[in-house]
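Single-structure report; data block below.
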Amino acid sequence: MTRRWIIYAATALALYALATTLEPFRAYQLATAAAYFCAAAGLTVLTGLSGQLSLGHGAFMAIGAYTVALTQNGLADAGATGAWLLGISLLAAVLVNVVAGAVIGLAGARLHGPYLAGATLAIAVAVPSVPVIFRESLGGEQGLPVYAEPAPVDVPYERWQAWIAVTGALIVAAGLANLLRSRYGRELRAVRDDEVAARLAGVPVARVRVQAFVVSAAGAGLGGGLLAFLAQSVSPGAFPLTLSLFLLMAIVIGGLGSLAGAAWGAALLVVLPDLAHEITASLSLSPATEQRLAGNLPLAIFGLVLIVTMIVAPGGVQGALTRVVRRRRTTAPPS
Amino acid sequence: MDRFVFLTVDGLARGAVLAVFALALVLIWRAARIVNFAQGAMAVATAYAAASITDATGSYWLGFAGALAGGLLLGVAVERGVMRLVHAGNQLSPVIVALGLVLLIQAVLGMIYGNEYRPIGAPVGRTAYVVGGVPTVSPFDLFVFGTVAALVGLLALLFTRTDLGLKMRAAAFAPEVSRLLGVNVAGMLTVGWALASAAGTLAALLSIPTGLGLHPTAMDLVFVSAFTAAIIGGLDSPPGAVIGGLGVGLLLSYVTGYLGGELASVAVTTLLVVVLLVRPDGLIATTKARRA
């Protein structure tokens, strides 16, 4: 127990120090990865642990982001000031998503495999068109600006953003880690591994499923809210179908079913496009070829990594790491 | 009235294409218990091949035939080269691999052809015949209906009247027993993928001329609508796919025509959710044994 809290404190300190030493652009990237982590961790609970495949987590992120935008702007219009406003907005994003997750979870609890995937996919496609329908209040395709207070301490704004986002990610990580080690976490895994056996053992399968949706939507809502705070604007274009698919791929490449896997995946989502961009820039190609490669090379690499990972190492990064560590331990000479 | 006729014909034509695409998804689902999320990207790849062949030779039909052949080959390549290597047992793995294929195919297409919309030719005109002052079907609509009817008829014949169809159904229904009885189960799976991929190609060739044009992501929305249609109809049922496809096509057309395009995806989602709330396994589903 105490050991766990020491690990949390050490991670928090390390990330805090990292955010302080990084240059503003890198701090912003760290913040983005932290926001993705919140959503990916939520998806890990749903897909990795309760076995429900969601292709629509981008929709939950969009709901969270728009909630933050509306609350921030509403509070600012009402004349409220102070750094605590953001906390209220993020909390609102989580609460709204708890409701949304409960509704969708109730509808989805009866669905299995591809049927659930299809339903969530349709939701991911439909949600971005909602702001276009309610053009007056939600701003249509252009979206809404998000009012943001200046940082209360004198640091580059990106560093302030990184601190906030990393704090959010740590809260999610600690909360979920505790939740998954509890009775509820065991019930989740029981439902995933064998529904009939779980039911016979007295696990309320339907309730566990819906609760997984709620927890998962809350994480995605916080992630989306943080993204809105980072970008200081929200628009339907920021939450396309590909975002939902990328989240799913991230947790799979990272290692399905573990929070560390979600962290790896979130980091990959930020690092991979950047890396591919640097590769294309270093190749000194003609401008036309470079333009063609620019948007496509990261996607090609991501796709290839995904296919190869699934075939060669289905456990993802975290699975491979665990295997290496175990092998070390078993082959190490007795001391 | 004019508007209603136009929207109905348009909806049926759109629905016929969705039905073919949904049928392709159902074919693979029945054979391998995999939803082929890469279907749309694979179909676009072959449509690009059709456009390239047509550009080089000047003949639409050469491109058409080449694309269908390419579709068969691509289906075989994807099944033998990728899907067969995926570890069975985890239902998520094939989905993820298929999504990876989507990214890879779309990115490669974007690198070769660029991410611009390219016009793609149609074999016949798209202006509607006017009957009694009311514009009705266009030659292209008739072409769509004819091709789709021919494909559905051929597939029905294949599965109900030929040895190959019987073997394919047997291999999907009871793989172990079929293998003991001398059916090449793995081979049947490959045939299923090839047929489904060619059907997807056909859907792409029929739907892209009515849209914005050829683009690496041109079939994404068609895929989502067709997947929705297949689920509404029941993933195990070919007639369900046809009914679902026509239904979704009509709904899309009416909602876009009478209420506005931005409501289309919301309407389809609502239909899907309502159908699944009433029938969680789709409209046409066999009763399952109670498990607990």
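Positions of Cβ are set from backbone N, Cα and C atoms, glycine also.
Here is what TrEMBL records for this protein:
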- B:12-29: transmembrane segment (TRANSMEM)
- B:36-54: transmembrane segment (TRANSMEM)
- B:60-80: transmembrane segment (TRANSMEM)
- B:92-113: transmembrane segment (TRANSMEM)
- B:142-160: transmembrane segment (TRANSMEM)
- B:181-208: transmembrane segment (TRANSMEM)
- B:214-235: transmembrane segment (TRANSMEM)
- B:242-260: transmembrane segment (TRANSMEM)
- B:266-286: transmembrane segment (TRANSMEM)
Can you tell me which parts of the same chain pack against the transmembrane segment (B:181-208), counting only residues 6+ beyond its ends and a CB-CB cutoff under 8 A?
14, 16-18, 20-21, 23-25, 27-28, 30-32, 36, 39-40, 42-44, 46-47, 50, 64, 67-68, 70-76, 78-80, 83-84, 120, 143-144, 147-148, 151, 155, 164, 167-168, 170-172, 175, 214, 218-219, 222, 226
Counting only pairs at least 6 apart in sequence, do the transmembrane segment (B:214-235) and the transmembrane segment (B:142-160) share 3+ Cβ pairs under 8 Å?
no
Looking at the stretches B:12-29, B:142-160, B:266-286, which one shares the most CB pairs under 8 Å with the transmembrane segment (B:242-260)?
B:12-29
Which residues, given as numbers and ranges, are at least 6 beyond the ends of the transmembrane segment (B:266-286) yet have a Cβ under 8 Å from it?
225, 228, 230-237, 239-240, 243-244, 247-248, 251-252, 255, 259
Which range out of B:12-29, B:36-54, B:142-160 gives the transmembrane segment (B:60-80) the most CB pairs under 8 Å?
B:36-54
